[in-house]
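Working notes for the structure below.
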Amino acid sequence: MKQRTFTMLKPDAVKRRLTGEILTRFEKRGLKVIAAKTLMISEDLAKTHYGEHSDKPFFNDLISYITSGPVFAMVLEGDDVISLVRKMVGATNPKEADIGTIRGDYGIDTGRNIVHASDSEESAQREINLFFDETEFCDYELPDEDIIYEEP
């Protein structure tokens with residue numbers, strides 16, 4: 001089933017010049033980037049985005065970190081993309097993430113774990129709406145899309 005998900009490369013990924021390398025991983029898996037931008041997240045946007053963690057002891061550090069530098073936000077589209085991206089990203093703690101996952105290969109610690117990926121369809125839609133307007137989406141066909149989404 002074709003889906004959309006929100007994925008964000010955090011300041012540690014952008015500052016370490018990993019954006020292109022990570023983006024390439026998603027594209028090589030057949031995912032389509034339909035919206036993307038580099039931005040500085042405001043404190044208000046950060047608090048809204050991470051609101052579910054507002055009662056956790058790490059919340060203030062998370063807000064400080066995510067607003068400390070640029071992020072690369074994107075909307076990815078593909079077959080069962082939410083589950084696929086979560087597998088590619090790996091465990092929240094890079095020390096527990098499998099080698100070959102983005103966090104396993106590039107993450108430093110739980111606080112600087114390179115990437116955020118939506119964990120459900122509801123989260124994906126909410127996060128996409130927070131960061132993007134419908135006018136920012138590019139709808140296009142990939143050369144192999146007819147094969148990927150061919151009905152059996």
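Just so it is clear, glycine is given a Cβ too, placed from its N, Cα and C backbone atoms.
There are 22 other Cβ atoms within 10 Å of the Cβ belonging to Lys10 (ATP binding site). The annotation ATP binding site is assigned in Swiss-Prot to Lys10, Phe58, Arg86, Thr92, Arg103, Asn113.
Listed in sequence order, the residues of the same chain lying 6 or more apart from His116 (active site, pros-phosphohistidine intermediate) and placing their CB within less than 8 Å of its CB are Phe6, Thr7, Met8, Lys10. Annotation comment: Swiss-Prot describes His116 as active site, pros-phosphohistidine intermediate, evidence class sequence analysis.
Of all the binding-site residues listed (Thr92, Asn113), Thr92 has the fewest other CB atoms within 10 A of its CB.
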